[in-house]
Amino acid sequence: MITAEKKKRNKFLPNFEKQSIYSLRYDEMQQWLIDHGQQKFRAKQIFEWLYQKRVNTIDEMTNLSKELRQILKDHFAMTTLTTVVKQESKDGTIKFLFELQDGYTIETVLMRHEYGNSVCVTTQVGCRIGCTFCASTLGGLKRNLEAGEIVSQVLTVQKALDETNERVSQIVIMGIGEPFENYDEMMDFLRIVNDDNSLNIGARHITVSTSGIIPRIYDFAEEDIQINFAVSLHGAKDEIRSRLMPINRAYNVDKLMEAIRYYQEKTNRRVTFEYGLFGGVNDQLEHARDLAHLIKNLNCHVNLIPVNHVPERNYVKTPKDDIFKFEKELKRLGINATIRREQGSDIDAACGQLRAKERQVETR
């Protein structure tokens, strides 16, 4: 729930007349009902309508009194996302371009795996981190999303899956934006979708990825929630990482590793390092050795990512043979590593590509 205190801390939050009903955690809904002279148990009924029956309007909550429905309508909006573009890949990946109530657009991706359906969600409209390989940063940061707008991405995809009796089984917070720059709303989102009364998606089936916002890594280490944690690394030495990720100039590799060690000491949980391979930049065997040396004493996994080409950027794909050699070298040096399966390469599935393409159309 967006409070005055949260708005003070997060200047990029929207200032809507009514906040999304999906932005309330279960405990917040209970307290809100008490504060408005209603019975606490109604929270369970409301959440059932929102997350199990997945209704589109408050008026459909027929076991609530008309009075309570009106109070809810007076205070909250039922966040709806308008599908602007829906692209489906040959491999079953579906990419959605959603329009928000203020006209901004965001991307959400449904990825199908043998082990279930995974949804990649967006946390910001645009991004200001400035990674030089990413299309998400091209227009800068416009605003942060409410927790309810992040929840609505999962719900909208789930409603599409309802037609084939499928369910969202995993969530990755790796879409547009830096989740740790919208920390409070991201944490509310995590607690909402993980709640038994909501979508009940297990914490170990949810992964959040950061570019390395170090103060928030320390905060995340203190959270009492077993969410999987990934770090976009892409370079084991400052020179290369700063070229790819300007955030490294503020939070360099040594400081990042120190924060990650603290996280592991507090949580005893494995960290995944995302390592995109860029032809001629960070994909040689010497780079694999540098990476292995950097992380050798950590409980970690390396996810090697064959990069998707972004027309606005000049990076090229690493040849497949070189990718396999890189993986083999890491394993030889005792590092757990896998190559991410490419999905949606035929449908603008790289982060920010579809939104960037639509923005070009809009501005012509």
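We number each residue from 1, going along the chain as drawn.
Placement of Cβ uses the backbone N, Cα and C atoms for every residue, glycine included.
On a predicted model such as this, the values are computed, not experimentally measured, just so you know.
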Residue in SER169, SER198, SER209 which Swiss-Prot records at the S-adenosyl-L-methionine site where GLY177, GLU178, SER232, LEU233, HIS234, ASN308 also bind: SER209
Distance in Å spanning the most remote Cα pair of GLY177, GLU178, SER209, SER232, LEU233, HIS234, ASN308, given for S-adenosyl-L-methionine: 19
Recorded positions listed as CYS120, CYS127, CYS131, CYS134, least Cβ neighbours within 10 Å: CYS131
Neighbour-count leader, CB within 10 A, binding-site residues: SER209, SER232, ASN308: SER232
Nearest of the recorded positions (CYS120, CYS131, CYS134) to ASN308 (S-adenosyl-L-methionine binding site) - Cα to Cα: CYS134
Pairwise CA distance, CYS127 ([4Fe-4S] cluster binding site) versus GLY177 (S-adenosyl-L-methionine binding site), rounded so that it is a whole Å: 5
Whole-number Å value for how far GLU178 (S-adenosyl-L-methionine binding site) lies from CYS134 ([4Fe-4S] cluster binding site) (Cα to Cα): 12
